[in-house]
């Protein structure tokens, strides 16, 4: 009872595997996934920067989204790979807090960016004549900065309160990154207020951004149905279905992981869900949102031919 927070100086992350053979398999899978994430997103950034005809609002949002995905995966992927490779499963107290802070801040920013990109596509498809006037550079910049600012304002209070909690032991988390819900469970003081605050914030963020995204794509689908050409409808539906698949996987796993009724972290299923929204969707996003685009493929082909 007399122990204070200095008792715990590090946390133990059990990771994704409980045997050396399985750790090697998981390491290879995550290494390939991380390589594809970096390759895809850096390709998006470089292609949209060097081609003048890709400097439109849509590609401006996608370029910022790619940069955000690189930063988001960097919060946990290098440390997870290092842990699998060396079998070192500990993380210092400051390191854990920093990882948690950037993971949730950048994850929240990702949700807002996805909502903004859906609105951009809504204006482009449903109101094409007003697109250039509405989505001008100043407005696009304001939207991007708003995503970063609102995410910070929402996540800063619970993060600061969590950092100030005392931790007296145990110090073991059944996860591969420092999860906020697990940190609250390990604290040796009452965390009821912080849990309620985080739940309210998640209710605002997840259903709120999902509603904006769903309404935007709903309007887009209605507009697509009025396209006279069947080939044009099939092409448009193909693109929208791919986008919606990524959105549903991302939001579905996030919502079930963080705001399902009476949820308590630390289960193996939580790690699987976290892999879906933090690794799988991040790996698919650049290839579904950008690299399937005809203009991008043409620009990429021209650059490859010019380089060769």
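Each Cβ is built from the backbone N, Cα and C atoms, and glycine gets one as well.
Per TrEMBL, domain 'G-protein coupled receptors family 1 profile' is recorded for 40-289.
Long-range contacts of the transmembrane segment (26-54) within the same chain: residues 16-17, 60, 62-63, 66-67, 69-70, 73, 77, 80-81, 84-85, 279-280, 282-283, 285-287, 290-291, 295-296, 299-300, 303, each at least 6 residues beyond the stretch ends and with a Cβ under 8 Å from a Cβ of the stretch. As annotated by TrEMBL, transmembrane segment applies to 26-54 (among others).
Remote same-chain partners of the transmembrane segment (66-85), defined as residues 6 or more beyond its termini with a Cβ less than 8 Å from a stretch Cβ, comprise 13, 15-17, 23-24, 26-27, 30-31, 34, 37-38, 40-42, 44-45, 91, 99, 102-103, 106-107, 109-110, 113, 176-177, 278-279, 282, 285-286, 290. Taken from TrEMBL, the feature transmembrane segment covers 66-85 (among others).
For the transmembrane segment (97-116), the residues of the chain that approach it from at least six positions outside its boundaries are 61, 64-65, 68-69, 71-72, 75-76, 79, 91, 143-144, 146-148, 150-152, 154-155, 159, 162-163, 177-180, 183, 205-206, 209, 212-213, 216, 247, 250, 254, 278, judged by C-beta separation under 8 angstroms. Annotation comment: TrEMBL describes 97-116 (among others) as transmembrane segment.
Residues 57, 60-61, 64, 101, 104-106, 108-109, 112-113, 116, 201, 204-205 of the same chain lie 6+ residues outside the transmembrane segment (137-156) yet bring a C-beta within less than 8 angstroms of a C-beta in it. Annotation source TrEMBL lists transmembrane segment at 137-156 (among others).
Annotation source TrEMBL lists transmembrane segment at 199-225 (among others).
As annotated by TrEMBL, transmembrane segment applies to 237-259 (among others).
Residues annotated as transmembrane segment in TrEMBL: 271-291 (among others).
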Residues of the parent chain within Cβ reach of the transmembrane segment (199-225), under 8 Å, 6 or more residues beyond its termini:
108, 111-112, 114-115, 118-119, 121-122, 125-126, 154-155, 158, 233, 236-237, 240, 243-244, 247, 251, 254-255, 258-259
Taking a Cβ cut-off under 8 Å, which residues six or more beyond the ends of the transmembrane segment (237-259) line up next to it in the same chain?
111, 114, 118, 181, 199, 202-203, 206-207, 210, 213, 217, 220-221, 224, 270, 273-274, 276-277, 280-281, 284-285, 288-289, 292
